[in-house]
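Chemist: My questions will all concern the structure given below.
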Amino acid sequence: MTAEVINGKELAQELRQNMKEEVKKLNEGGINPHLSVILVGNNPASRSYVKGKEKASAEVGIQSELIELEDSITEDYLLEVIEELNQNPSVHGILVQLPLPEHIEEQHVIEAIAPEKDVDGFHPVNIGRMMTGQDTFLPCTPFGIIKMLQSKNISIEGKHVVVVGRSNIVGKPVGQLLLNEHATVTYCHSRTKDLMKYTQSADIIIAAVGKANFIGEEHVKNGAVVIDVGINRLNDGSLTGDVDFDAAKGKASFITPVPKGVGPMTITMLLYNTIKAAKGLS
Ligand code: GUN
């Protein structure tokens with residue numbers, strides 16, 4: 001079997017076209033969706049992600065503002081900046097790019113963002129709403145993955161999904177969203193013994209471990225769907241996922257590439273959440 005490649009870039013473009021129309025309508029009604037992005041320090045990968053978010057916002061007509069802060073700022077100062085944005089009615093979405101410098105407690109920062117402006121969907125209030133299946137801001141990468149599966153009419157109900165990775169940003173929430181869609185979900189991680197035992201019975205594998213080529217052909221059941229969330233930079237500067245794409249492609253029914261896979265969908269769902277925030281829904 002040779003897998004069909006799910007092109008996240010194309011799907012993202014399609015969705016962004018619809019969002020552009022939606023923003024235009026909001027503008028006509030006097031609402032100008034606005035996203036404030038905070039970048040602390042000079043991590044090159046973070047800077048590049050933030051630039052991507054700004055560019056995509058502009059593409060659909062969302063106003064974005066980048067607030068750049070020095071590495072050396074105190075946690076209290078960052079919390080004050082967030083509070084000002086919380087109070088500013090023209091700001092609809094707030095995103096603090098992670099990771100933060102070590103002297104700043106990430107959880108304090110996440111919890112300082114008003115839940116109704118938390119377009120990342122990281123605030124415990126929004127995570128709780130997601131877990132209980134309420135309408136809320138869904139974390140962007142997991143939300144993008146659901147959209148990718150739906151775009152190919154891949155059914156989730158009753159399927160065995162194996163999530164490899166348990167980060168708060170991707171692994172845990174994607175498993176929860178798939179559970180909400182009636183999948184049977186198994187979480188695996190770096191300390192799982194005999195990983196293959198689980199992945200070989202998976203109808204859908206979500207690879208989110210952050211290790212290049214961690215999932216090989218031997219992990220994949222014939223006809224499985226393979227979603228690769230990894231973005232790993234190799235020594236030669238190229239990007240690669242957590243999945244050995246060429247090997248897995250020979251066994252899977254659908255597979256996502258890196259780049260042009262999950263990455264563009266993450267940013268697209270951030271735009272979706274920002275528009276949702278501007279409409280006053282949370
Ligand atoms: N760092 C890596 N991914 C993300 C994300 O989705 N949101 C934020 N705020 N920081 C990140």
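Even glycines carry a Cβ here, placed using N, Cα and C.
So TrEMBL lists the following for this protein:
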type: DOMAIN; residues: 6-120; note: domain 'Tetrahydrofolate dehydrogenase/cyclohydrolase catalytic'
type: DOMAIN; residues: 139-279; note: domain 'Tetrahydrofolate dehydrogenase/cyclohydrolase NAD(P)-binding'
type: BINDING; residues: G165, R166, S167, I231; note: NADP(+) binding site
Chemist: Roughly how wide, in whole Å, is the group G165, R166, S167, I231 that binds NADP(+), by largest Cα to Cα distance?
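Modeler: Max span of the NADP(+) binding residues, Cα based, is 16 Å.
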Chemist: Would you say which of the binding-site residues G165, R166, S167, I231 has the most Cβ atoms within 10 Å of its own Cβ?
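Modeler: Compared across G165, R166, S167, I231, the most Cβ atoms within 10 Å surround G165.
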Chemist: Let's see if you can do this one: DSSP helix, strand and coil counts over the domain 'Tetrahydrofolate dehydrogenase/cyclohydrolase NAD(P)-binding' (139-279), in that order.
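Modeler: Secondary-structure breakdown of the domain 'Tetrahydrofolate dehydrogenase/cyclohydrolase NAD(P)-binding' (139-279): 52 helix, 26 strand, 63 coil.
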Chemist: Restricting attention to the domain 'Tetrahydrofolate dehydrogenase/cyclohydrolase catalytic' (6-120), give the mean pLDDT.
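Modeler: That region's mean pLDDT is 98.
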